Each structure stands twice: as structure tokens, then as C-alpha cells.
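A quick write-up on the structure given underneath.
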Amino acid sequence: VDAAVLEKLQAGFKKLEAATDCKSLLKKYLSKDIFDKLKGQKTSLGATLLDVIQSGVENLDSGVGIYAPDAEAYTLFAPLFDPIIEDYHVGFKQTDKHPNKDFGDVSSFVNVDPEGQYVISTRVRCGRSMEGYPFNPCLTEAQYKEMQQKVSSTLSSLEGELKGTYFPLTGMSKEVQQKLIDDHFLFKEGDRFLQAANACRYWPAGRGIYHNDNKTFLVWVNEEDHLRIISMQMGGDLGQVFRRLTSAVNEIEKRIPFSHHDRLGFLTFCPTNLGTTVRASVHIKLPKLAANRDKLEEVAGKYNLQVRGTRGEHTEAEGGIYDISNKRRMGLTEFQAVKEMQDGILQLIKMEKEM
């Protein structure tokens, strides 16, 4: 590892040590011992500990503070990743092994709000990384373009309900751009956390969006992850949304090999998304429960649900609408993760009705 990188690492470590009010998992677990053990290591693609921690060093208000520059980083820098993964994915110990992919009996998922009183929309997404390519910080412009080529040709072969159009961000017309913004489909260049992790290089090369004609199926290409596969619709029919997602993932998987790790499951850029990578969420109005956000958080916590503001992480609830999703992604199957979310949402609705 060259001297300039080591110097930056030392300075970064000092900055973390001095930041007494920093609550990130990076600060909690990057001890002097682990730092000294890892600072000289380099993956075969040339990624160092600096690539792993720089976002968390620059943004001391990070919740987690680390990213994986490539798949090998999860193994090479395991002394730092493993305890952070165990802490975030509560209950997934360093000796545990994530189960094999299992979507389970998809017919057992239901409409959680058949009367349409509470749930505004339902969304299930998963992330995938393409085998043989590193994650954002290590990708070249040529690789971005090559990946886009592979993905867009795979997506354009989808049929039936999944049939749609691929829109590259490069050279996108103002009209198309505005249309995608109005539909809330367009992703922007990364926030300061991703910027600091070097996840936005060569923007917008190789980035794009695919959506089906009904606008219920969406793929983000080379945003935070190589692929974000998303199924969504208005209302509370979780069953329909999940079935659409699983059929899409199965189709894409036939053509594109995904990065998978024996212990950690499907690999993603951010360790919070590992394992199933599945986030099942609803936009939901619970005026009585939500009158007291702490109470809502407490109940949600019992069902391993995460409560966010309307527009996702780091936002407020607009008009009392919350984004509520499964928190656990590791150490359980895709089926179990979505089932846990379904059970929790049904319970929240039941409590709201009884108040």
C-alpha cells in the first residue's frame, strides 16, 4: 500500500479517535489493533482499507460508515466487516452462515389492507451484483458501459408483464428525464455518503433505468449497486408485488451470474443490504399510532420493522405517511424476511383500528 494512502489512513484513524460524539459502527469497531492489522492490506483489484472507511471518516454522522469496494473486501477486511455486520444484522453472528435463496410459497402472501384504508403503496426490492465486476469505487468507465450493455440486452428480452423499455442516463432527453422524475423513478447522483465512498465516478456512464409498461417493475442499473430490482404498485397487495419480483429475479438470473458469498449471501456495496438484500416496504398512514413516533418505533421494533420518513432515509413523515419495512436481511430466507414484514404490518393495522 503506497505511502500517500497510509498517510490518509493514519489521518482518518486520528479523526475518528478524536470524534467523541461519532456514533457510527465504524468508530465502534475500528480498534487500533484492527486498524494496524488491515492498513497494509490490498485486494487483488487494488482496493485498500481507505476505500472501505473513507465515507465514514468524511461523514462522522454515518450510521454504519463502511462500504465494500469489491467482493474480496468482505473476506480480506473481515476483522472489520464481520463485527459490523453482526451488530447491524442483529443476531447474525460471525460464525453464522446465511441460508440459500428461498422465495418460499409465494401464494402465502396477501393484500395486507384489502379495504385500502391505510396502505398507500407497496414495494419490494432486492439488490444484485454481477459476478466478475467490482463495486463502484473500483469500476472503470469501460466496465460501466459493458455492464450496461449486458443488463439492457437481458432486460429487453423480458416478456409478459415485465416487458418494458431501458433508458440510459447518458444522453437522456429533458422530456424523458422529467417524465421519470414525475413517476419518482429517476435516481440522482449519490448523496454525500456515496460521493465520499467514490461510488459516483464517471457519472452518468453506464447508469440507466428500465421499467415495464405498467410502471410496476423497475430496474436501476449501476446506481448504488450494479442492479436494484424493484416491484411496486399502489395499494397493499404484497402478494402480487412479491410474486412479480421473484419471477423477474428468476428470469434475470438465467442470463446474468450474480455475486454470492458462502457465508454472507448475495453481495452488495453496503453491508446493510447483504444476505437476502430484500427490502419490503409500504407507505402507510397510521394517524393514531403515529401521533407518537416513539411508540410507533417501539411497536415496529418488536416485529423487526424499520420506520423511515415518507421519502426514505433521513427524511420526515409527510402528511403522517411513513415508510415501514423489514429490518432483517441476513440469517433468514427471502420468504421469512417478507413474511416478518407482512406479519408486522398486519399487526400495526390491527392496533391502529383498535385505538
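The backbone N, Cα and C atoms fix where each Cβ goes, glycine too.
Database features (Swiss-Prot):
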- 8-90: domain 'Phosphagen kinase N-terminal' (DOMAIN)
- Gly63, Val64, Gly65, Ile66, Tyr67, Glu224, Cys270, Glu313: L-arginine binding site (BINDING)
- 118-355: domain 'Phosphagen kinase C-terminal' (DOMAIN)
- 121-125, His184, Arg228, 279-283, 308-313: ATP binding site (BINDING)
Between the binding-site residues Gly63, Gly65, where is the Cβ count within 10 Å the lowest? Gly63
Three-class DSSP secondary structure - Val64 (L-arginine binding site): coil
Reported as an integer number of Å, what is the Cα distance between Cys270 (L-arginine binding site) and Val124 (ATP binding site)? 18
Using Cβ atoms only, which residues of the same chain lie under 8 Å from Ser281 (ATP binding site) while being at least 6 residues apart in sequence? Thr122, Arg123, Val124, Asp323, Ile324, Ser325, Asn326, Met341
Could you tally the C-beta atoms, other than its own, that fall within 10 angstroms of the C-beta of Val64 (L-arginine binding site)? 19
Lowest 10 Å Cβ neighbour count of the binding-site residues Arg228, Arg308 is held by Arg308
Distance from Arg228 (ATP binding site) back to Val64 (L-arginine binding site), taken between C-alpha atoms, in Å: 20
